[in-house]
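Everything below concerns the one structure shown next.
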(Lines of atoms letter the chains of each structure in order from A; the text may use other names.)
(Lines give C-alpha, C1' and ligand atoms only; values in the text may rest on other atoms or scores of the structure.)
Protein backbone atom coordinates (compact mmCIF):
# COMPACT_ATOMS: atom_id res chain seq x y z
CA UNK A 1 0.00 0.00 0.00
CA UNK A 2 1.41 3.41 -1.02
CA UNK A 3 2.19 6.13 1.51
CA UNK A 4 -0.51 8.40 0.04
CA UNK A 5 -3.15 5.70 0.39
CA UNK A 6 -2.10 4.95 3.98
CA UNK A 7 -2.36 8.65 4.83
CA UNK A 8 -5.80 8.81 3.23
CA UNK A 9 -7.15 5.88 5.26
CA UNK A 10 -5.68 7.37 8.43
CA UNK A 11 -7.24 10.71 7.54
CA UNK A 12 -10.66 9.15 6.93
CA UNK A 13 -10.40 7.12 10.16
CA UNK A 14 -9.78 10.33 12.11
CA UNK A 15 -12.80 11.95 10.46
CA UNK A 16 -15.03 8.95 11.25
CA UNK A 17 -13.90 9.15 14.89
CA UNK A 18 -14.80 12.86 14.83
CA UNK A 19 -18.21 12.03 13.36
CA UNK A 20 -18.84 9.50 16.15
CA UNK A 21 -17.85 12.12 18.73
CA UNK A 22 -20.05 14.85 17.23
CA UNK A 23 -23.00 12.45 16.96
CA UNK A 24 -22.42 11.38 20.56
CA UNK A 25 -22.42 14.95 21.90
CA UNK A 26 -25.59 15.71 19.93
CA UNK A 27 -27.28 12.54 21.27
CA UNK A 28 -26.36 13.50 24.85
CA UNK A 29 -27.68 17.05 24.39
CA UNK A 30 -30.90 15.60 22.95
CA UNK A 31 -31.52 12.83 25.49
CA UNK A 32 -29.94 14.31 28.62
CA UNK A 33 -30.74 17.98 28.12
CA UNK A 34 -32.20 18.26 31.62
CA UNK A 35 -28.91 17.11 33.13
CA UNK A 36 -27.04 19.86 31.25
CA UNK A 37 -29.60 22.65 31.51
CA UNK A 38 -27.60 24.88 33.86
CA UNK A 39 -24.28 24.21 32.13
CA UNK A 40 -22.47 25.76 29.20
CA UNK A 41 -22.81 22.53 27.24
CA UNK A 42 -26.60 22.88 27.16
CA UNK A 43 -26.40 25.77 24.67
CA UNK A 44 -23.22 24.55 22.99
CA UNK A 45 -24.61 21.06 22.34
CA UNK A 46 -27.69 22.39 20.54
CA UNK A 47 -25.55 23.31 17.51
CA UNK A 48 -24.42 19.73 17.09
CA UNK A 49 -27.37 18.70 14.92
CA UNK A 50 -26.11 20.74 11.95
CA UNK A 51 -22.51 19.86 12.85
CA UNK A 52 -23.37 16.15 12.69
CA UNK A 53 -24.98 16.57 9.27
CA UNK A 54 -22.02 18.58 7.90
CA UNK A 55 -19.46 16.18 9.35
CA UNK A 56 -21.33 13.22 7.87
CA UNK A 57 -21.38 14.92 4.45
CA UNK A 58 -17.68 15.71 4.81
CA UNK A 59 -16.80 12.07 5.56
CA UNK A 60 -18.91 10.88 2.60
CA UNK A 61 -17.16 13.32 0.26
CA UNK A 62 -13.71 11.97 1.10
CA UNK A 63 -12.23 9.50 -1.35
CA UNK A 64 -8.66 8.69 -2.31
CA UNK A 65 -8.92 10.51 -5.64
CA UNK A 66 -9.19 13.96 -4.05
CA UNK A 67 -5.82 13.86 -2.30
CA UNK A 68 -3.91 15.28 -5.26
CA UNK A 69 -6.85 16.98 -6.95
CA UNK A 70 -7.14 20.67 -6.06
CA UNK A 71 -10.47 20.98 -7.84
CA UNK A 72 -12.16 18.10 -5.99
CA UNK A 73 -10.87 19.18 -2.57
CA UNK A 74 -12.59 22.61 -2.71
CA UNK A 75 -15.96 21.33 -1.44
CA UNK A 76 -14.59 19.27 1.48
CA UNK A 77 -12.33 22.18 2.48
CA UNK A 78 -15.34 24.49 2.58
CA UNK A 79 -17.23 21.97 4.74
CA UNK A 80 -14.25 21.61 7.06
CA UNK A 81 -13.87 25.38 7.45
CA UNK A 82 -17.63 25.86 8.01
CA UNK A 83 -17.63 23.01 10.53
CA UNK A 84 -14.77 24.57 12.52
CA UNK A 85 -16.33 28.03 12.44
CA UNK A 86 -19.63 26.65 13.69
CA UNK A 87 -18.15 24.60 16.50
CA UNK A 88 -15.88 27.40 17.76
CA UNK A 89 -18.38 30.25 17.49
CA UNK A 90 -21.29 28.25 18.91
CA UNK A 91 -19.06 27.70 21.96
CA UNK A 92 -18.00 31.37 22.04
CA UNK A 93 -21.59 32.62 21.78
CA UNK A 94 -22.64 30.12 24.46
CA UNK A 95 -20.10 31.72 26.82
CA UNK A 96 -20.94 35.34 25.98
CA UNK A 97 -24.72 35.07 25.50
CA UNK A 98 -25.51 32.09 27.71
CA UNK A 99 -29.06 32.95 28.84
CA UNK A 100 -30.09 34.78 25.66
CA UNK A 101 -28.80 31.92 23.53
CA UNK A 102 -30.61 29.37 25.71
CA UNK A 103 -33.96 31.08 25.14
CA UNK A 104 -33.18 31.39 21.41
CA UNK A 105 -32.33 27.67 21.14
CA UNK A 106 -35.50 26.68 22.98
CA UNK A 107 -37.63 28.47 20.36
CA UNK A 108 -35.66 28.04 17.13
CA UNK A 109 -33.22 25.15 17.63
CA UNK A 110 -34.58 22.97 14.80
CA UNK A 111 -35.04 25.87 12.34
CA UNK A 112 -31.52 27.25 12.94
CA UNK A 113 -29.87 23.85 12.53
CA UNK A 114 -31.85 23.09 9.37
CA UNK A 115 -30.97 26.48 7.80
CA UNK A 116 -27.26 26.02 8.60
CA UNK A 117 -27.24 22.44 7.28
CA UNK A 118 -29.15 23.33 4.08
CA UNK A 119 -26.85 26.30 3.45
CA UNK A 120 -23.78 24.12 3.97
CA UNK A 121 -25.03 21.40 1.64
CA UNK A 122 -26.05 23.91 -1.05
CA UNK A 123 -22.73 25.77 -0.96
CA UNK A 124 -20.81 22.49 -0.91
CA UNK A 125 -22.67 21.38 -4.04
CA UNK A 126 -22.03 24.72 -5.79
CA UNK A 127 -18.30 24.61 -5.11
CA UNK A 128 -17.99 20.91 -6.00
CA UNK A 129 -19.75 21.23 -9.37
CA UNK A 130 -18.33 24.58 -10.44
CA UNK A 131 -14.61 24.81 -9.77
CA UNK A 132 -13.59 28.42 -9.12
CA UNK A 133 -10.64 27.98 -6.76
CA UNK A 134 -12.69 29.26 -3.88
CA UNK A 135 -10.40 27.90 -1.16
CA UNK A 136 -7.21 26.64 -2.77
CA UNK A 137 -5.24 27.88 -5.76
CA UNK A 138 -2.88 24.93 -5.35
CA UNK A 139 -2.17 22.44 -2.58
CA UNK A 140 -0.07 25.03 -0.70
CA UNK A 141 -1.45 28.36 -1.93
CA UNK A 142 -4.56 29.53 -0.10
CA UNK A 143 -7.20 31.95 -1.31
CA UNK A 144 -8.07 35.09 0.70
CA UNK A 145 -11.36 33.45 1.71
CA UNK A 146 -9.57 30.42 3.15
CA UNK A 147 -7.08 32.65 4.99
CA UNK A 148 -9.94 34.78 6.35
CA UNK A 149 -11.70 31.64 7.63
CA UNK A 150 -8.50 30.45 9.33
CA UNK A 151 -8.07 33.85 11.01
CA UNK A 152 -11.68 33.77 12.22
CA UNK A 153 -11.22 30.25 13.59
CA UNK A 154 -8.05 31.20 15.52
CA UNK A 155 -9.64 34.40 16.88
CA UNK A 156 -12.65 32.36 18.07
CA UNK A 157 -10.40 29.77 19.74
CA UNK A 158 -8.27 32.41 21.51
CA UNK A 159 -11.32 34.36 22.71
CA UNK A 160 -13.02 31.20 23.98
CA UNK A 161 -9.89 30.06 25.84
CA UNK A 162 -9.50 33.53 27.39
CA UNK A 163 -13.14 33.64 28.53
CA UNK A 164 -13.10 30.10 29.90
CA UNK A 165 -9.99 30.80 31.97
CA UNK A 166 -11.05 34.24 33.24
CA UNK A 167 -14.81 33.88 33.75
CA UNK A 168 -15.54 32.63 37.30
CA UNK A 169 -18.62 30.78 36.05
CA UNK A 170 -16.61 28.56 33.68
CA UNK A 171 -13.25 28.10 35.40
CA UNK A 172 -14.15 24.56 36.32
CA UNK A 173 -14.95 23.57 32.69
CA UNK A 174 -11.64 21.70 32.40
CA UNK A 175 -12.86 19.42 29.63
CA UNK A 176 -13.79 22.42 27.45
CA UNK A 177 -10.45 24.11 28.16
CA UNK A 178 -8.50 21.03 27.11
CA UNK A 179 -10.72 20.57 24.04
CA UNK A 180 -10.03 24.15 22.90
CA UNK A 181 -6.29 23.90 23.54
CA UNK A 182 -6.04 20.70 21.46
CA UNK A 183 -8.27 22.13 18.74
CA UNK A 184 -6.31 25.39 18.60
CA UNK A 185 -2.96 23.60 18.60
CA UNK A 186 -4.09 21.50 15.63
CA UNK A 187 -5.24 24.61 13.73
CA UNK A 188 -1.92 26.30 14.47
CA UNK A 189 -0.04 23.35 12.93
CA UNK A 190 -2.18 23.63 9.79
CA UNK A 191 -1.42 27.36 9.40
CA UNK A 192 2.32 27.06 10.11
CA UNK A 193 2.91 24.06 7.82
CA UNK A 194 0.72 25.47 5.01
CA UNK A 195 -1.46 22.35 4.91
CA UNK A 196 1.46 19.91 4.88
CA UNK A 197 0.55 18.97 8.46
CA UNK A 198 -3.13 18.40 7.70
CA UNK A 199 -2.97 14.76 8.84
CA UNK A 200 -1.64 15.75 12.27
CA UNK A 201 -4.16 18.60 12.47
CA UNK A 202 -7.11 16.32 11.78
CA UNK A 203 -5.77 13.72 14.21
CA UNK A 204 -5.53 16.32 17.01
CA UNK A 205 -8.85 18.02 16.31
CA UNK A 206 -10.86 14.83 15.97
CA UNK A 207 -9.20 13.44 19.08
CA UNK A 208 -10.25 16.67 20.83
CA UNK A 209 -13.86 16.06 19.72
CA UNK A 210 -13.71 12.44 20.87
CA UNK A 211 -12.27 13.54 24.22
CA UNK A 212 -15.08 16.11 24.62
CA UNK A 213 -17.74 13.46 24.00
CA UNK A 214 -16.17 11.00 26.46
CA UNK A 215 -15.68 13.76 29.08
CA UNK A 216 -19.34 14.86 28.86
CA UNK A 217 -20.62 11.29 28.98
CA UNK A 218 -18.41 10.34 31.94
CA UNK A 219 -19.23 13.59 33.75
CA UNK A 220 -22.97 12.87 33.65
CA UNK A 221 -22.54 9.17 34.47
CA UNK A 222 -20.17 9.84 37.36
CA UNK A 223 -22.40 12.62 38.68
CA UNK A 224 -25.33 10.22 38.88
CA UNK A 225 -23.17 7.53 40.48
CA UNK A 226 -21.72 10.05 42.94
CA UNK A 227 -25.20 11.29 43.86
CA UNK A 228 -26.43 7.76 44.62
CA UNK A 229 -23.25 6.94 46.54
CA UNK A 230 -23.51 10.12 48.64
CA UNK A 231 -27.19 9.41 49.30
CA UNK A 232 -26.32 5.90 50.46
CA UNK A 233 -23.50 7.16 52.71
CA UNK A 234 -25.73 9.88 54.12
CA UNK A 235 -28.53 7.42 54.91
CA UNK A 236 -26.14 5.10 56.74
CA UNK A 237 -24.62 8.02 58.70
CA UNK A 238 -28.04 9.27 59.78
CA UNK A 239 -28.96 5.79 60.98
CA UNK A 240 -25.78 5.69 63.09
CA UNK A 241 -26.58 8.99 64.79
CA UNK A 242 -29.23 9.59 67.40
CA UNK A 243 -31.89 11.61 65.62
CA UNK A 244 -31.09 15.19 66.56
CA UNK A 245 -31.85 18.32 64.51
CA UNK A 246 -28.29 19.69 64.54
CA UNK A 247 -26.47 16.42 63.86
CA UNK A 248 -28.97 15.23 61.26
CA UNK A 249 -28.94 18.46 59.29
CA UNK A 250 -25.16 18.79 59.57
CA UNK A 251 -25.03 15.53 57.63
CA UNK A 252 -27.83 16.49 55.25
CA UNK A 253 -26.33 19.90 54.35
CA UNK A 254 -22.90 18.30 53.90
CA UNK A 255 -24.50 15.79 51.52
CA UNK A 256 -26.10 18.56 49.40
CA UNK A 257 -22.84 20.54 49.35
CA UNK A 258 -20.78 17.52 48.28
CA UNK A 259 -23.09 17.00 45.30
CA UNK A 260 -23.56 20.63 44.21
CA UNK A 261 -20.42 22.45 45.42
CA UNK A 262 -19.58 23.49 41.84
CA UNK A 263 -22.86 25.40 41.67
CA UNK A 264 -23.41 26.52 45.28
CA UNK A 265 -20.49 28.15 47.09
CA UNK A 266 -22.26 28.33 50.45
CA UNK A 267 -25.20 26.42 51.93
CA UNK A 268 -26.98 27.44 55.15
CA UNK A 269 -29.78 25.72 57.04
CA UNK A 270 -32.12 27.71 59.29
CA UNK A 271 -34.67 26.32 61.74
CA UNK A 272 -37.81 27.99 63.09
CA UNK A 273 -37.45 29.39 66.62
CA UNK A 274 -40.77 31.21 66.96
CA UNK A 275 -43.29 32.85 64.59
CA UNK A 276 -41.37 33.51 61.34
CA UNK A 277 -38.01 33.86 63.15
CA UNK A 278 -35.32 31.40 62.05
CA UNK A 279 -31.92 30.62 63.58
CA UNK A 280 -28.88 29.28 61.72
CA UNK A 281 -28.36 25.61 62.61
CA UNK A 282 -25.56 24.56 60.26
CA UNK A 283 -23.56 25.86 57.31
CA UNK A 284 -21.18 24.45 54.72
CA UNK A 285 -19.01 26.15 52.10
CA UNK A 286 -16.70 29.14 51.70
CA UNK A 287 -14.39 29.35 54.71
CA UNK A 288 -13.59 33.01 54.08
CA UNK A 289 -17.11 34.10 55.11
CA UNK A 290 -16.70 34.22 58.88
CA UNK A 291 -19.85 36.17 59.72
CA UNK A 292 -22.28 33.36 59.04
CA UNK A 293 -22.66 32.14 62.61
CA UNK A 294 -25.38 30.85 64.92
CA UNK A 295 -26.22 34.39 65.97
CA UNK A 296 -27.69 35.03 62.51
CA UNK A 297 -31.45 35.36 62.82
CA UNK A 298 -33.80 35.55 59.83
CA UNK A 299 -37.37 36.80 59.76
CA UNK A 300 -39.60 36.00 56.79
CA UNK A 301 -41.49 38.74 55.00
CA UNK A 302 -45.17 37.77 54.94
CA UNK A 303 -45.65 39.64 51.63
CA UNK A 304 -43.89 36.79 49.85
CA UNK A 305 -46.53 34.31 50.97
CA UNK A 306 -49.84 33.67 49.28
CA UNK A 307 -52.56 31.14 49.87
CA UNK A 308 -50.49 28.55 48.05
CA UNK A 309 -47.26 27.13 49.40
CA UNK A 310 -44.02 28.85 48.50
CA UNK A 311 -41.92 26.56 46.32
CA UNK A 312 -38.18 26.31 45.62
CA UNK A 313 -37.19 29.69 44.21
CA UNK A 314 -34.14 31.71 43.15
CA UNK A 315 -33.57 35.15 44.69
CA UNK A 316 -30.95 37.73 43.83
CA UNK A 317 -29.29 39.13 46.97
CA UNK A 318 -31.34 42.40 47.16
CA UNK A 319 -34.59 40.41 46.78
CA UNK A 320 -33.35 37.87 49.32
CA UNK A 321 -32.87 40.67 51.86
CA UNK A 322 -36.48 41.74 51.33
CA UNK A 323 -37.71 38.18 51.67
CA UNK A 324 -35.79 37.71 54.92
CA UNK A 325 -36.41 41.26 56.21
CA UNK A 326 -32.69 41.90 56.68
CA UNK A 327 -31.06 45.30 56.91
CA UNK A 328 -27.63 45.96 55.37
CA UNK A 329 -25.16 44.49 57.85
CA UNK A 330 -21.79 42.81 58.17
CA UNK A 331 -23.16 39.46 57.10
CA UNK A 332 -24.53 40.63 53.78
CA UNK A 333 -21.69 43.04 53.06
CA UNK A 334 -19.36 40.03 53.22
CA UNK A 335 -21.77 37.95 51.15
CA UNK A 336 -21.74 40.50 48.33
CA UNK A 337 -19.53 37.99 46.49
CA UNK A 338 -22.70 35.97 45.98
CA UNK A 339 -25.04 36.91 43.14
CA UNK A 340 -28.07 34.70 43.79
CA UNK A 341 -29.48 32.18 46.24
CA UNK A 342 -31.79 29.20 45.85
CA UNK A 343 -34.25 29.07 48.75
CA UNK A 344 -35.78 25.72 49.72
CA UNK A 345 -38.66 25.96 52.24
CA UNK A 346 -39.29 22.97 54.52
CA UNK A 347 -42.90 22.52 55.66
CA UNK A 348 -44.58 20.89 58.65
CA UNK A 349 -48.37 21.03 58.82
CA UNK A 350 -48.55 23.77 56.15
CA UNK A 351 -46.09 26.01 58.01
CA UNK A 352 -42.49 26.77 57.00
CA UNK A 353 -40.35 25.34 59.80
CA UNK A 354 -36.94 25.45 58.12
CA UNK A 355 -35.09 27.07 55.21
CA UNK A 356 -32.20 25.82 53.13
CA UNK A 357 -30.44 28.77 51.45
CA UNK A 358 -27.90 27.86 48.74
CA UNK A 359 -25.71 30.80 47.69
CA UNK A 360 -24.12 30.92 44.23
CA UNK A 361 -21.62 33.25 42.55
CA UNK A 362 -23.19 32.64 39.13
CA UNK A 363 -24.62 35.93 37.85
CA UNK A 364 -27.66 34.88 35.79
CA UNK A 365 -28.42 31.72 37.71
CA UNK A 366 -31.38 29.50 36.88
CA UNK A 367 -32.34 26.18 38.38
CA UNK A 368 -31.91 23.22 36.04
CA UNK A 369 -34.24 20.25 36.25
CA UNK A 370 -31.39 18.26 37.77
CA UNK A 371 -30.92 20.84 40.55
CA UNK A 372 -34.66 21.07 41.18
CA UNK A 373 -34.87 17.27 41.46
CA UNK A 374 -31.91 17.20 43.88
CA UNK A 375 -33.30 19.99 46.06
CA UNK A 376 -36.73 18.35 46.06
CA UNK A 377 -35.11 15.17 47.38
CA UNK A 378 -33.54 17.29 50.14
CA UNK A 379 -36.88 18.98 50.85
CA UNK A 380 -38.86 15.73 51.06
CA UNK A 381 -36.16 14.00 53.09
CA UNK A 382 -35.99 16.99 55.48
CA UNK A 383 -39.74 17.03 56.00
CA UNK A 384 -39.75 13.29 56.74
CA UNK A 385 -36.70 13.65 59.01
CA UNK A 386 -38.25 16.53 60.98
CA UNK A 387 -41.45 14.57 61.38
CA UNK A 388 -39.50 11.60 62.70
CA UNK A 389 -37.43 13.79 65.06
CA UNK A 390 -40.60 15.40 66.41
CA UNK A 391 -42.15 11.98 67.05
CA UNK A 392 -39.03 10.80 68.88
CA UNK A 393 -38.86 14.04 70.90
CA UNK A 394 -42.50 13.59 71.83
CA UNK A 395 -41.81 10.03 73.02
CA UNK A 396 -38.79 11.27 74.98
CA UNK A 397 -40.77 14.08 76.55
CA UNK A 398 -43.58 11.70 77.50
CA UNK A 399 -41.05 9.47 79.25
CA UNK A 400 -39.71 12.47 81.23
CA UNK A 401 -42.78 14.71 81.58
CA UNK A 402 -46.03 14.57 83.45
CA UNK A 403 -48.79 14.43 80.84
CA UNK A 404 -51.28 16.62 82.74
CA UNK A 405 -48.98 19.52 83.71
CA UNK A 406 -45.97 19.38 81.39
CA UNK A 407 -43.65 19.35 84.44
CA UNK A 408 -41.08 16.59 84.89
CA UNK A 409 -42.28 13.29 86.33
CA UNK A 410 -41.00 11.53 89.46
CA UNK A 411 -38.48 9.31 87.63
CA UNK A 412 -36.78 12.21 85.87
CA UNK A 413 -36.88 14.30 89.05
CA UNK A 414 -35.07 11.65 91.12
CA UNK A 415 -32.44 11.32 88.37
CA UNK A 416 -31.85 15.12 88.43
CA UNK A 417 -31.72 15.07 92.24
CA UNK A 418 -28.94 12.47 92.17
CA UNK A 419 -26.98 14.38 89.48
CA UNK A 420 -27.25 17.68 91.41
CA UNK A 421 -26.06 16.07 94.66
CA UNK A 422 -23.03 14.59 92.85
CA UNK A 423 -22.25 17.99 91.35
CA UNK A 424 -22.39 19.65 94.78
CA UNK A 425 -20.17 16.94 96.28
CA UNK A 426 -17.58 17.43 93.55
CA UNK A 427 -17.55 21.19 93.04
CA UNK A 428 -19.06 22.49 96.30
CA UNK A 429 -22.23 24.55 96.55
CA UNK A 430 -25.71 23.71 97.73
CA UNK A 431 -29.27 23.34 96.51
CA UNK A 432 -32.75 23.47 98.03
CA UNK A 433 -35.42 20.82 97.70
CA UNK A 434 -38.98 22.18 98.04
CA UNK A 435 -42.14 20.06 98.36
CA UNK A 436 -45.56 21.57 97.55
CA UNK A 437 -48.90 19.97 98.41
CA UNK A 438 -52.43 21.19 97.70
CA UNK A 439 -54.48 21.36 100.88
CA UNK A 440 -57.99 20.56 99.65
CA UNK A 441 -57.84 18.66 96.35
CA UNK A 442 -60.17 15.92 97.64
CA UNK A 443 -62.82 18.52 98.40
CA UNK A 444 -62.70 19.87 94.83
CA UNK A 445 -62.86 16.38 93.32
CA UNK A 446 -65.77 15.27 95.52
CA UNK A 447 -67.95 18.36 95.07
CA UNK A 448 -67.01 19.64 91.59
CA UNK A 449 -65.61 16.60 89.78
CA UNK A 450 -62.15 15.48 88.72
CA UNK A 451 -62.03 17.91 85.79
CA UNK A 452 -62.05 20.79 88.30
CA UNK A 453 -59.33 19.02 90.29
CA UNK A 454 -57.22 18.67 87.13
CA UNK A 455 -57.71 22.37 86.42
CA UNK A 456 -56.44 23.21 89.91
CA UNK A 457 -53.38 20.97 89.43
CA UNK A 458 -52.54 22.63 86.10
CA UNK A 459 -52.92 26.07 87.68
CA UNK A 460 -50.49 25.16 90.51
CA UNK A 461 -47.98 23.75 87.98
CA UNK A 462 -48.14 26.96 85.93
CA UNK A 463 -47.66 29.13 89.04
CA UNK A 464 -44.59 27.11 90.06
CA UNK A 465 -43.09 27.13 86.56
CA UNK A 466 -43.56 30.89 86.13
CA UNK A 467 -41.75 31.72 89.40
CA UNK A 468 -38.58 29.66 89.10
CA UNK A 469 -35.43 29.95 87.01
CA UNK A 470 -34.79 27.97 83.83
CA UNK A 471 -32.01 26.08 85.61
CA UNK A 472 -34.36 24.88 88.37
CA UNK A 473 -36.14 21.52 88.04
CA UNK A 474 -39.93 21.44 88.69
CA UNK A 475 -41.81 18.13 88.89
CA UNK A 476 -45.18 16.64 89.72
CA UNK A 477 -44.54 13.65 91.94
CA UNK A 478 -48.13 12.40 91.80
CA UNK A 479 -51.64 13.48 92.74
CA UNK A 480 -51.41 16.98 94.22
CA UNK A 481 -47.73 16.69 95.22
CA UNK A 482 -45.12 18.89 93.53
CA UNK A 483 -41.38 19.38 94.05
CA UNK A 484 -38.69 21.78 92.84
CA UNK A 485 -34.90 21.55 92.89
CA UNK A 486 -33.62 25.11 93.34
CA UNK A 487 -30.02 24.89 92.14
CA UNK A 488 -27.07 26.76 93.66
CA UNK A 489 -28.96 28.70 96.32
CA UNK A 490 -29.72 28.81 100.06
CA UNK A 491 -33.06 28.61 101.86
CA UNK A 492 -33.08 32.38 102.34
CA UNK A 493 -32.63 32.93 98.59
CA UNK A 494 -35.87 31.15 97.72
CA UNK A 495 -38.16 32.30 100.52
CA UNK A 496 -39.58 35.20 98.49
CA UNK A 497 -40.16 33.00 95.46
CA UNK A 498 -42.03 30.40 97.51
CA UNK A 499 -44.20 33.09 99.06
CA UNK A 500 -44.93 34.48 95.57
CA UNK A 501 -45.96 31.00 94.40
CA UNK A 502 -48.34 30.55 97.35
CA UNK A 503 -49.83 34.01 96.92
CA UNK A 504 -50.29 33.58 93.16
CA UNK A 505 -52.04 30.22 93.64
CA UNK A 506 -54.48 31.71 96.14
CA UNK A 507 -55.22 34.71 93.89
CA UNK A 508 -55.66 32.66 90.71
CA UNK A 509 -57.83 30.04 92.45
CA UNK A 510 -60.23 32.77 93.56
CA UNK A 511 -60.57 33.87 89.91
CA UNK A 512 -60.64 30.48 88.20
CA UNK A 513 -62.03 27.96 90.72
CA UNK A 514 -65.26 27.72 92.70
CA UNK A 515 -63.25 27.56 95.93
CA UNK A 516 -60.00 29.21 96.96
CA UNK A 517 -57.16 26.76 97.48
CA UNK A 518 -53.87 26.89 99.37
CA UNK A 519 -50.63 24.95 99.12
CA UNK A 520 -48.29 23.87 101.88
CA UNK A 521 -44.53 23.88 101.33
CA UNK A 522 -41.53 22.28 103.03
CA UNK A 523 -37.87 23.01 102.20
CA UNK A 524 -34.71 20.99 102.88
CA UNK A 525 -31.17 22.14 102.01
CA UNK A 526 -28.37 19.93 100.65
CA UNK A 527 -25.86 19.45 102.25
CA UNK A 528 -26.78 21.72 105.23
CA UNK A 529 -29.63 19.50 106.48
CA UNK A 530 -28.19 16.19 105.34
CA UNK A 531 -26.02 14.56 102.66
CA UNK A 532 -28.37 11.60 102.36
CA UNK A 533 -30.93 12.01 99.59
CA UNK A 534 -33.41 9.70 101.34
CA UNK A 535 -33.14 11.83 104.46
CA UNK A 536 -33.39 15.02 102.39
CA UNK A 537 -36.68 13.85 100.87
CA UNK A 538 -38.03 12.90 104.31
CA UNK A 539 -37.05 16.28 105.83
CA UNK A 540 -38.72 18.26 103.02
CA UNK A 541 -41.83 16.07 103.25
CA UNK A 542 -41.97 16.42 107.05
CA UNK A 543 -41.66 20.22 106.92
CA UNK A 544 -44.35 20.38 104.25
CA UNK A 545 -46.63 18.23 106.46
CA UNK A 546 -45.98 20.49 109.45
CA UNK A 547 -47.07 23.53 107.42
CA UNK A 548 -50.12 21.61 106.20
CA UNK A 549 -51.20 20.95 109.80
CA UNK A 550 -50.60 24.58 110.65
CA UNK A 551 -52.79 25.70 107.70
CA UNK A 552 -55.58 23.35 108.79
CA UNK A 553 -55.45 24.80 112.32
CA UNK A 554 -55.69 28.33 110.95
CA UNK A 555 -58.63 27.44 108.70
CA UNK A 556 -60.58 26.15 111.72
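Even glycines carry a Cβ here, placed using N, Cα and C.
Positions annotated as domain 'GGDEF' by TrEMBL: 429-556. Break the domain 'GGDEF' (429-556) down by DSSP state and the numbers are 70 helix, 29 strand, 29 coil.
The feature transmembrane segment is assigned by TrEMBL to 16-33 (among others).
Per TrEMBL, the feature transmembrane segment maps to 40-58 (among others).
Taken from TrEMBL, the feature transmembrane segment applies to 78-96 (among others).
Long-range contacts of the transmembrane segment (108-125) within its own chain (CB-CB distance under 8 A, at least 6 residues past either end) are made by residues 46-47, 49-50, 53-54, 57, 61, 75, 78-79, 82, 86. According to TrEMBL, the transmembrane segment annotation covers 108-125 (among others).
Sequence annotations record features per position, and here TrEMBL assigns transmembrane segment to 145-164 (among others).
For the transmembrane segment (176-192), the list of distant contacts is 40-41, 84, 87-88, 91, 150, 153-154, 157-158, 160-161, 164-165, 170, 198, 200-205, 207-209, 211-212, 215: same-chain residues at least six beyond its ends, Cβ to Cβ under 8 Å. Look at TrEMBL and you will find 176-192 (among others) tagged as transmembrane segment.
TrEMBL lists 204-222 (among others) with the feature transmembrane segment.
For the domain 'GGDEF' (429-556), the model's average pLDDT works out to 88.
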